[in-house]
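For reference, the structure discussed in these notes is given below.
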Amino acid sequence: MLFEHRGNVSVGCRPVIHCRNLGSALHFCCSVSGWARARWRRRRRARDAKRSRSRSPEDHARSPIAPRTKTARIMLNMKLKERLALAVSAFLVLFTLMLVVDLQMDYGISGHRVPLHGRVSNADTEDKGRSAYIEFRKRFLQKSNGSNGSREYEQSAPSETSGGGVEAEPRTPAPPTDRYEDLQRILFIQIQGKAEDHTVIIPPHRDLNVLRPDNPNIGEMEDLELSLNASNLERFQLKIAQHELYEEEEPLVEHLLKDMATSPILHVEQKEGGTQLKLIIDYPNGVQALFKPMRFARDVQTLPNHFYFSDYERHYAEIAAFHLDRILGFRRAMPVVGRVLNMTTEIYDVTEGDILKTFFVSPANNFCFHGKCSYYCDTGHAICGNPDMLEGSFAAFLPSSDIAERKVWRHPWRRSYHKRRKAQWELQSDYCDTIRTTPPYDSGRRLLDLMDMSIFDFLSGNMDRHHYETFKMFGNETFTLHLDQGRAFGKAFHDELSILAPLLQCCLVRHTTLSTLLKFHNGVSLSKVLRDSLKKDPVDPVLWEPHLAALDRRIVIILDAIRKCIDKIDTPLQNEVNDFV
Ligand SMILES: Nc1ncnc2c1ncn2[C@@H]1O[C@H](COP(=O)(O)OP(=O)(O)OP(=O)(O)O)[C@@H](O)[C@H]1O
Ligand SMILES: [Mn+2]
């Protein structure tokens, strides 16, 4: 409005608005206007008076000049302060307008600048957000250091299903920076027999699994003789000994695996007990196997909202866990092999009873069935062939209870199996002190076996260890069976530290187990040895690569934990707090 005046003052001010130095321009404009205003006002008043005398009131109303004159009069009547305020606000409005136009150039009009700006600024925020998150997480984990019993080591592919491909390529692990020479030294001294007893690492001369004063097998214990046409499974079963299921390099294991993978299937029936569907497979000559069907591809991971107790069983986990148990030198898991079945001829045609009623053809024309069990035995969770070929795991059958009865033990570090309740070991920091003084954990090999089981389960990510079993005839001084690994290998990018709770709370490990872990850490990696071992299986590749990679990562975590335990006894005062679990 100010710049619409035609008088000297406004004309005099107009160029000023284009000046870059607004402050001095305004000052100039206003000092000029002060002098000119009085003169102009006098002249104007005289002219207006003349005009109003010569015009009628109607003329006055009709005249287009009238409002402008009025405005000008208002302007002239304004005080200097008011005019200055007006000038500043007008400038501000203009300035804002210019800004808006400039912004539009950035985000709307200019086709080049939009994506560039967008990308750069987004990446910046994301990067900052992510690194801040990682930093926070790192600090949080350092601070809590597993006080809640669970620590995550998430890697770059946290998707639930990752379709094989590029991600599944084996990564070359970086050479180990820490060879754990301190731990190696302790083992070396123990081997030389010079060592005193160690509270964390139990030397071979104190370990019944190494000493084995007696190691009878089932055949000897039961006085059973093998018939000439005895199957490989019978031979295997009678050779099960007090301290291990089978000897190192036992040739029967390979024979047994071959039998289960190739022998004709005579009969199938659903196994009672357990929560998920399992079939008992009958082969010629009385050989039996426990079949777990394939439900998902190898790279389908545990659903994030599933508890360990509602996780699906994975057939490949049973196969991989058997190999892992053997490689680690435990030999406490029954041999398991993979095989692809024809559902029509090798299941449907050779079974009877209620299970038959659960077979159907899916909309995708695949042959399916769901059986009857308490978890996932319904149409929505059916087991489907492709179109009628079905893969599964076949575990060699344990000797019947007529020959070798088993004792079922409640695992002291059992989880609560309730979505809100916590188990005793999660609440009591000195929980192991209680267990150590309770039979059968107060002497012999049992507690050490649970430490091995904890390591075995941590490596494979198996949280489902509610019970364990032993052969009754061998009493308490016998190995613990590694049965039911169906829920292992479910989360490749997460290391569940709470599985290690027994080891972390008791600070106890076998010399032989530690030695095996160090051998893999410093030599040929566990992932490589397991990958090579699994190559012999008919359904190889058995494990998704990230699961194999996880093993090498988890070994380091176990070694760190053992070192921490030793530090604790060396400097007890500094480590009073049980800061792992
Ligand atoms: N190889 C085997 N031979 C004979 N019996 C077996 C074998 N493996 C497991 N069993 C028996 O079958 C039972 C159920 O097996 P498993 O635990 O694998 O099934 P599950 O459905 O996973 O059970 P749960 O849901 O209780 O974990 C076991 O408790 C065990 O006694
Ligand atoms: Mn199970």
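Cβ from N, Cα, C; glycine included.
Worth saying up front: this structure is predicted, and the values here are computed from it rather than measured.
TrEMBL lists region 'Disordered' for one of the ranges 46-66, 109-129, namely 46-66.
For the ATP site that TrEMBL gives as Gln276, Lys292, Ala395, Ala396, Phe397, Leu398, Glu469, Asp484, the extra residue drawn from Glu250, Glu254, Glu313, Glu496 is Glu313. Other C-beta atoms found within 10 angstroms of the C-beta of Asp464 (active site) number 22, with every protein chain shown included. Looking only at the domain 'FAM20 C-terminal' (359-568), the predicted model's pLDDT averages out at 97. When the binding-site residues Ala396, Leu398 are compared by the number of other C-beta atoms lying within 10 angstroms of their own C-beta, Leu398 comes out lowest. Under 8 Å, Cβ to Cβ, and six or more positions away along its own chain, Asp484 (ATP binding site) finds Gly274, Asp464. The record assigns Gln276, Lys292, Glu313, Ala395, Ala396, Phe397, Leu398, Glu469, Asp484 to the ATP binding site, and the maximum Cα to Cα distance across that set is 20 Å.
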